[in-house]
Amino acid sequence: MANSKYAYVRNFELPDPLLPGCYLICRLDGHSFHRFSEEHAFVKPNDERALKLIDHAAKDLMSEYKDIILAFGESDEFSFLLRKSTNLYNRRQAKILTTLTSYFTSCYVFHWPQYFPDTPLRYPPSFDGRIVLYPDERAIRDYFSWRQADTHINNLYNTVFWALVQQGGQTTTEAHATLRGTFSAQKHELLFQRFQVNYNEISARFKKGSVIVRELLNEPEDVTATLELEPVTTRGEETIRAPPKRKEKRKPKTTIEILHCDIIGDEFWQARPHLLAS
């Protein structure tokens, strides 16, 4: 950047480095998506096209930014976990947040025609974002447990609500009144008794959300290569060979997978210790 008499204005910029030694979670949320979903005629309670689209955008973001090791999505929201050691953009909060948000939004718009070929965008969608720091593995697990529990609670409510409206003939106001004060077991019973729907048989995508994980294909190995030189014989039968090259550590290969599984229990995390490794 060229120096001039005007360069002093840079002094007004505030540094915003994120605290080192902490996990970063960037959560992106659709802005005014209630209106957006209505304008584009999303299927209620769950539009699988919209869910696959937002999964695609999230996977693209993870492909572009290797320090994102895990993501969880529900409805119009996605949370991205960046490894504790990340030095992305020197951990500058504004740079990370604005870049991830804009790239994710661009991917969402870019892939829209693939999932909604007969529904042109009526106006540009937008997402807001925030970055929160978490100090340890327990807090990270609790965060993702919170988001998945929220997915289940919201989906159960919405499934019953829209059954009352679409099949039960109630208005939205009446449906809200019917469900006011009900517990989970009562919602299950209402679904089964009135609409013959077993909630446990509903797609895991709707109940558990989308888990996008950077999976290891193989463990890193120490590889030692030996120089291929003709042996030199001196002093009788004594053979002198070139020394081996120094050991080089090979980076593990990874792939990005979309799952719809439980992340509240231990099994998911115990099978993937690399996710929370320092």
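Cβ atoms here come from the backbone N, Cα and C positions, even for glycine.
Just so it is clear, the model here is predicted, and its values are computed rather than measured.
Site annotation (TrEMBL): Mg(2+) 1 is bound by D29, G30, and the candidate from D55, D60, D67, D76 recorded at this site is D76.
Recorded residues G30 (Mg(2+) 1 binding site) and S75 (GTP binding site) have their alpha carbons 9 Å apart, per Cα-Cα distance. Fewest other C-beta atoms within 10 angstroms, among the binding-site residues H31, H34, are seen around H34. In this structure, the CA atom of S32 (GTP binding site) is 10 Å away from the CA atom of D76 (Mg(2+) 1 binding site).
Looking only at the binding-site residues S32, S75, the densest Cβ neighbourhood within 10 Å occurs at S75.
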